[in-house]
Structure formats: structure tokens, C-alpha cells
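Noted in TrEMBL for the protein shown:
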- Lys8: active site (ACT_SITE)
- 63-137: domain 'GHMP kinase N-terminal' (DOMAIN)
- Pro90, Ile91, Gly92, Ala93, Gly94, Leu95, Gly96, Gly97, Gly98, Ser99, Gly100: ATP binding site (BINDING)
- Asp132: active site (ACT_SITE)
- 207-250: domain 'GHMP kinase C-terminal' (DOMAIN)
Amino acid sequence: MLVFPNAKLNLGLYVTEQRPDGFRNLESVFIPLSWTDALEVLPAATNSLTLSGIPIPGDAATNLCWRAYELLQADFDLPAVQMHLHKAVPIGAGLGGGSGDAAFALRALKELFALPLTTGQLQQYARRLGSDCAFFVENKPVFAYEKGDVFAPISLDLTGMACQVVYPNLHISTGEAYSRVATRPPRHDLRQSLAQPMPTWRDTVTNDFEDALTPHYPVLGEIKAALYAAGATYASLSGSGSAVYGLFSGLETPPSLQWPGDYQVWSGRL
Ligand SMILES: C[C@](O)(CO)[C@H](O)COP(=O)(O)OP(=O)(O)OC[C@H]1O[C@@H](n2ccc(N)nc2=O)[C@H](O)[C@@H]1O
Ligand SMILES: Nc1ncnc2c1ncn2[C@@H]1O[C@H](COP(=O)(O)OP(=O)(O)OP(=O)(O)O)[C@@H](O)[C@H]1O
């Protein structure tokens with residue numbers, strides 16, 4: 001079975017409270033982004049995971065695809081599988097690339113072996129692999145809260161919107177990003193703000209990580225300014241960075257912009 005684990009973007013992100021378990025509560029809106037990896041999962045005589053594309057730190061046993069297999073194997077006594085992951089979504093980007101791989105591995109294993117799992121049960125397995133993972137089980141726009149793994153529906157349709165995502169070849173680990181951000185109450189009601197015309201989002205749909213990280217990594221502010229200068233209606237850091245995206249309303253495709261050669265850039269429609 002061949003699947004294409006996609007990335008996500010955060011529209012606004014408030015880091016609201018420290019939790020007793022060491023994590024933070026947050027409020028954000030997640031939307032799928034069709035920048036994808038490729039993951040093949042096949043029954044096999046022996047277990048294996050091979051990798052290509054962007055190098056992933058850590059050995060294969062710590063890969064989230066493998067950890068997803070181990071979780072289900074423990075409960076369902078699965079046959080052996082061979083997996084191949086081609087990594088294209090940048091790591092440490094705030095795009096949830098590893099989380100998408102994990103959730104798509106769970107989904108593929110459920111299909112391949114016809115496991116009797118509901119969506120809610122699959123989300124429970126996903127939560128054990130990372131806060132972002134559960135989103136990718138349903139993979140549709142949601143208002144996310146608590147650890148970013150509890151969801152409420154949101155009526156927001158950005159389908160077809162021209163978008164550019166810029167990764168400045170800067171790995172920001174999620175743990176480091178959280179250690180730099182101070183919790184505070186939400187600055188706006190995100191769902192109300194997103195219901196207003198997109199040009200107003202610039203002032204009301206904000207990401208707490210952006211304020212915390214830009215003084216340390218000025219390139220984040222420079223990319224955002226360049227996206228606005230090129231006509232973006234809205235631009236922001238995604239998640240805990242370092243990817244910055246722009247949304248361009250009224251355009252078929254984003255304008256062509258020149259970025260340094262070591263940046264990775266995704267341009268397309270949502
Ligand atoms: C920044 C976001 O991408 C927003 O969507 C997510 O909150 C990050 O989710 P993730 O990459 O799946 O993160 P996890 O692997 O669960 O956690 C990595 C580290 O980030 C911190 N962390 C993560 C999520 C959260 N709600 N509070 C936290 O404090 C913790 O220090 C944790 O050890
Ligand atoms: N399939 C995978 N893809 C990416 N990273 C993985 C994967 N499996 C395990 N990891 C580990 O997760 C770490 C990346 O986590 P990190 O949170 O920085 O980035 P991410 O999951 O790509 O996306 P985000 O920045 O949105 O959280 C890597 O250092 C790597 O050790």
C-alpha cells in the first residue's frame with residue numbers, strides 16, 4: 001500500500017498554559033498542506049524500514065513510522081512488514097512532517113490488515129506518538145486545543161487558495177521552541193478572527209512562537225516581510241517554525257519569488 005503523508009499549517013497559535021504533565025495547552029487551527037512524503041507498507045517475510053530523501057536524525061527504530069507499527073503490533077499481533085519512507089517535507093519546520101508519517105502509517109496498517117479500529121481509537125494511538133499526530137487521522141481543518149490533540153470542527157474552506165511555504169534550512173526543534181515561549185491567555189478568539197475577511201488576519205491571527213523565535217532567528221521576520229511585499233494577503237510562521245507561509249488571495253498560483261539556493265520552497269494551491 002502506497003500513501004502520501006502530507007504536512008499541516010497552523011493558522012494562528014496561542015500557547016496558553018503550562019500543564020502538570022510538562023506539556024502546554026494551546027489553541028490553533030490546523031489545515032492540511034499538500035506537501036507530502038511517500039510511504040509504502042507491504043506484508044513481508046521479515047520486518048524492515050528503508051529511507052530515502054531528506055536524512056532523518058536517529059536510527060530507523062526511532063522513526064515514527066516504525067513506532068506506529070510497534071504500537072499496533074503490540075495489540076494486534078501483526079504480520080511482519082517492509083516499509084519504505086521517502087522524506088520530502090522538511091524536518092524541524094513546524095509542518096508536522098514526522099507526525100503525518102506516523103498517522104499515515106497507522107492508517108495504512110489499519111487498511112492493510114483490516115484492523116477493527118474506529119477513527120477515535122486510531123486517534124488514541126496517534127496521540128501516543130506525538131501531539132500533532134492525531135490531526136492527521138482525519139486530516140481536515142480543525143480548531144485544536146489542549147495539547148493540540150483535541151479538536152472542534154471549524155467551517156473554514158481555503159481550498160484552491162494559492163500558497164507558498166518557505167523553509168530557510170533552519171532546524172528548530174519543537175522542544176527548543178516551546179522552551180523559548182512564555183504561556184499567556186489567547187490574544188484573540190481564533191475562530192471569530194478567522195471568520196473575518198482575510199486581510200484582517202494579519203493583526204488578529206497571530207502565532208506566539210513567532211514573537212518568541214524571531215528575535216533569535218531574524219530570518220523568520222525577513223521571509224514574512226518578503227511574502228507580504230510580494231502581495232500575500234496573510235503570512236505567518238507555521239507551528240513552532242521554521243517554515244513561514246504566505247496565502248495569496250485572487251491568484252491562481254503564488255508569484256515567483258527568489259529565495260537562497262539552500263531554502264526549500266513549496267508553491268501550490270491548498
Ligand atoms: C508546535 C506544534 O507543531 C503545533 O501544532 C505542536 O504543538 C508540536 O507537536 P509535536 O511536534 O507532535 O510535539 P511532541 O512530539 O508531542 O512534543 C515535543 C515537545 O514539545 C513540547 N510540547 C509539545 C506539545 C505541547 N502541546 N506542549 C509542549 O510543551 C514538549 O516539550 C515536548 O516534549
Ligand atoms: N518520519 C519522521 N520524519 C521526521 N522526523 C522524524 C521521523 N521519525 C522520527 N523523527 C524524529 O523527530 C524529529 C523531528 O521532530 P520535529 O518536531 O523537530 O519535526 P517534525 O516532526 O518534522 O515537524 P514539526 O517541526 O512540525 O514538529 C527528528 O529529529 C527525528 O529524530
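Placed from the backbone N, Cα and C atoms, the Cβ positions cover glycine too.
TrEMBL: automatically predicted annotations, no manual curation.
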What is the number of residues in the domain 'GHMP kinase N-terminal' (63-137) that are helix, strand and coil, as DSSP sees it?
-> 41 helix, 7 strand, 27 coil
So how many other Cβ atoms are close to Gly96 (ATP binding site), meaning within 10 Å of its Cβ?
-> 31
Where the criterion is a Cβ under 6 Å from an atom of ligand 2, which of the binding-site residues Pro90, Gly92, Gly94, Gly98, Gly100 meet it?
-> Gly92, Gly94, Gly98
Determine which residues of this chain, when Pro90, Ile91, Gly92, Ala93, Gly94, Leu95, Gly96, Gly97, Gly98, Ser99, Gly100 are set aside, have a Cβ within 8 Å of the centroid of the ATP site's Cβ atoms, and list them as they appear in the sequence.
-> Ala7, Val89, Gly239, Ala243
Please list, in sequence order, those recorded positions from Lys8, Pro90, Gly92, Gly98, Gly100, Asp132 with the Cβ less than 6 Å from ligand 1.
-> Asp132
Near the Cβ of Gly92 (ATP binding site), how many other Cβ atoms are there if near means within 10 Å?
-> 20
Any idea what the Cα distance is from Gly96 (ATP binding site) over to Lys8 (active site), rounded to a whole Å?
-> 6
Quick one: Cα separation, Asp132 (active site) versus Pro90 (ATP binding site), in Å?
-> 15
How many Å lie between the Cα of Gly100 (ATP binding site) and the Cα of Lys8 (active site)?
-> 8
Neighbour count (Cβ, 10 Å) for Pro90 (ATP binding site) | 23
Long-range Cβ list for Lys8 (active site), cut-off under 8 Å, min separation 6+ in sequence, same chain only, gives Phe30, Ile31, Pro32, Leu33, Leu95, Gly96, Ser99, Gly100, Asp132, Phe135, Phe136, Ser238, Gly239
So what's the average pLDDT for the domain 'GHMP kinase C-terminal' (207-250)?
-> 97
Taking helix as H, G and I and strand as E and B in DSSP, count the residues of the domain 'GHMP kinase C-terminal' (207-250) in helix, strand and coil.
-> 17 helix, 10 strand, 17 coil
